[in-house]
Amino acid sequence: MAATAHGLCEFIDASPSPFHVCATVAGRLLGAGYRELREADRWPDKPGRYFTVRAGSLVAWNAEQSGHTQVPFRIVGAHTDSPNLRVKQHPDRLVAGWHVVALQPYGGVWLHSWLDRDLGISGRLSVRDGTGVSHRLVRIDDPILRVPQLAIHLAEDRKSLTLDPQRHINAVWGVGERVESFVGYVAQRAGVAAADVLAADLMTHDLTPSALIGASVNGTASLLSAPRLDNQASCYAGMEALLAVDVDSASSGFVPVLAIFDHEEVGSASGHGAQSDLLSSVLERIVLAAGGTREDFLRRLTTSMLASADMAHATHPNYPDRHEPSHPIEVNAGPVLKVHPNLRYATDGRTAAAFALACQRAGVPMQRYEHRADLPCGSTIGPLAAARTGIPTVDVGAAQLAMHSARELMGAHDVAAYSAALQAFLSAELSEA
């Protein structure tokens, strides 16, 4: 199935946490004939379509027609996490008769955008299971939490809003007498005894469904409003690109790979983030399973290429002065190639040319993004993955507004174009003279 704006809406609404992103992608892969491999098991030496999951990260590859040890990799990398408000380990508070859940900002969250929203809870419970531990996804889509704004009449300064993340972003969830703890309530909703919960990785999510909005063009809405576009839009586009790659073309000299990592928003320095050994170890095991050696693996990296797929800033109509004037970026105008001389993005001339060629072959326009020199620039998994693996890397994305807000905005028509460009990147022969 080709990537569509409706498909992205369904993907996001099904995936309120990084754990759910991996579960959603895994479900699609299993339905397409992929087989899940556990890292602790011996991997088969038969070429095929496989994926492996490490907590909130996943790597999938299609080596069904490519068993040769020198076939290069074509990789799309993205991240599964988004800035949000997470539940503290001991969250229960009683303040002025209100039952309060203490929350912690995750990543560069735009705090004010989370105020006065109906919030659900999602994440993972680690539960005692006999003599061991099992991990269960949890999702509550009822509006049980809300972070209330201060009334304007009580504000010290009505012209600006300053939020203290320790004092001002805790959520209310009731009044009066309450016997159970918040984690106990979540456990009960998940069908688990509270006493059996050994750990809880819980976070809030906005309950407003993703939506196609704006003026219609040929009967189709032009804009897509949703939470977590950064970076679930890239996870979805990369997943659809991998699934759409023609299997027969895999015998022409490459192995397409999708790698989606947790913890990008907090630096990627975790056991399953982009700074971990996850991608490099999976790639090496693919080579070893095909009968190759570590020498074959190291040689193979030099001919491989990675597209770090993360969302890009569209020029904001209300703040055009915050953007590089000679590099305007529009929504519904094609994928974005991101360049930064100080390597906040991993793109160089070689990889930029490769992605430009992929866009041409996909028949989609491409835009080029440069950040203002007088503003600090964010980064991606691109430089980290490139440094970890040595694989030539290009940073790309789709244009959006309101990045890191609880609710973000992108062009509806960019979804298909973005995925088509990534598919061409995975499937095109990008040889050099």
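FYI, residue positions are counted from 1 along the chain as it appears here.
Glycine residues also receive a Cβ, built from the backbone N, Cα and C atoms like all the rest.
Here is what Swiss-Prot says about this protein:
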BINDING   His79, His153, His404  Zn(2+) binding site
Other C-beta atoms that fall within 10 angstroms of the C-beta of His79 (Zn(2+) binding site): 29
His404 (Zn(2+) binding site), number of other Cβ atoms within 10 Å: 18
His79 (Zn(2+) binding site) in three-state DSSP notation: strand
For His153 (Zn(2+) binding site): DSSP state (helix, strand, coil): helix
